[in-house]
Amino acid sequence: MRMRTAGRVGRCLRIWVSAALGAQAPSCFPPGPSIHRGEGQCRWVPRGGKTRMATDGLHESETLAALRSEAEGLKGKLEEERAKLHDVELHQVAERVEALGQFVMKTRRTLKGHGNKVLCMDWCRDKRRIVSSSQDGKVIVWDSFTTNKEHAVTMPCTWVMACAYAPSGCAIACGGLDNKCSVYPLTFDKNENMAAKKRSVAMHTNYLSACSFTNSDMQILTASGDGTCALWDVESGQLLQSFHGHGADVLCLDLAPSETGNTFVSGGCDKKAMVWDMRSGQCVQAFETHESDINSVRYYPSGDAFASGSDDATCRLYDLRADREVAIYSKESIIFGASSVDFSLSGRLLFAGYNDYTINVWDVLKGARASILFGHENRVSTLRVSPDGTAFCSGSWDHTLRVWA
């Protein structure tokens, strides 16, 4: 028997038994010990100060397997007690809410200009301009009202998988297979050489999958195929904080909508959605209920919950206060993965783009599909609601973007 393993299980038992169930802790688990590890051993130091091994006082019949079995049983009881504390299920609340009436959304603008798959897009806060990136290696800034191209940048690589507008609207960030996040300032001179003013801010050891400015133009968050997220200073390119915890490629991230902006959520190929504290670099919450890669995460407008879209053909809603999944948005007829999700401004609707070329509109409270939108001729790869909530834009592998309202 390894002392370290036994000590860890014993510590869990002491906490569960004495704190949660109110039972008397065994004598081998003294109250309030500290743990000292070294040279492959684990020693208990009780408040009295005398060092004791974690296995002291155990009967010969008490094996590690028995301890583990008891620990699992206690854990199950704790989960049952925790479930009793839940106020009410989401579907029970929704029963008292009026159903959504019929609504019609159509394609109002089609933006054509990319020569290959559109991979990412973002709105400017002026509610009019859009930046998009593509497998053709180009990043284009559009006027969504007129469909005109205002700026175009050719990147040094194909598969530009991430792009973002700065809060001021005076710069864009983008990156992809070059492993970098580059920032380009925007000017009124459409003929100016933007590549000459390029600033390389972030450098990962694998492809850049997502990027997002914080609440200012001075800091940017990035996610990468190297399994990490990172916070960078735009001016100096200095790494301010790194976030380690995912076990595979990180595919998406979203910054909390609060003014402080101290947390963000990320999702990846390890099927996990993780909430991070930007100041400490620590993961504060983790959710692992998806059965495949998480392609997209988006905060609820209030910041108290977030939605995720996955290759398992479902979208899910997680309540951060309840620390659990509260809704699953799926149908038996939907067998293709969800690539991108976003909420309406009120939070009542969840827009989700799928690999079957469609966009499904979900009633967040009732969990029912409110509408299905057709128009793209290939998989929908990205989707974002405009800052004023009056429209949303989708990008597709059919080389186009569509503005819906």
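A Cβ is built for glycine as well, from the same backbone N, Cα and C atoms used for every other residue.
Bear in mind that TrEMBL entries carry predicted annotations, made automatically and left uncurated.
Worth saying up front: this structure is predicted, and the values here are computed from it rather than measured.
What TrEMBL lists as coiled coil is 64-91.
Listed as Cβ neighbours of the repeat 'WD' (111-143) (distance under 8 Å, sequence separation of 6 or more from its ends, same chain) are residues 149-165, 167, 169, 172, 174, 176, 184, 186, 210, 378, 381-382, 384-388, 390, 393, 395-397, 399-403. Residues or ranges marked as repeat 'WD' in TrEMBL: 111-143 (among others).
Taken from TrEMBL, the feature repeat 'WD' covers 201-242 (among others). Mean pLDDT for the repeat 'WD' (201-242) in this predicted model: 96.
TrEMBL lists 243-286 (among others) with the feature repeat 'WD'. Remote same-chain partners of the repeat 'WD' (243-286), defined as residues 6 or more beyond its termini with a Cβ less than 8 Å from a stretch Cβ, comprise 206, 209-210, 212, 214-215, 221, 223-231, 292-299, 301-303, 306, 308, 310, 318, 320, 323.
Annotation source TrEMBL lists repeat 'WD' at 287-328 (among others). For the repeat 'WD' (287-328), the residues of the chain that approach it from at least six positions outside its boundaries are 86, 89-91, 251-258, 265-269, 271-275, 334-343, 345-347, 350, 352-354, 362, 364, 367, judged by C-beta separation under 8 angstroms.
With a cut-off of 8 Å between Cβ atoms, the residues of this chain six or more beyond the repeat 'WD' (340-372) that come close are 90-91, 93-94, 97, 99-100, 103, 105, 295-302, 307-309, 313, 315, 317, 327-329, 331, 334, 378-385, 388-389, 392, 394, 396, 404. Summarising the annotation, TrEMBL assigns repeat 'WD' to 340-372 (among others).
Sequence-remote contacts of a segment are chain residues at least 6 beyond its ends whose Cβ falls under 8 Å from one of its Cβ atoms, and for the repeat 'WD' (373-405) they are 105-112, 114-123, 125, 127, 130, 132, 134, 142, 144, 336, 339-346, 351-361. Summarising the annotation, TrEMBL assigns repeat 'WD' to 373-405 (among others).
Among the features that TrEMBL reports, signal peptide is placed at 1-22.
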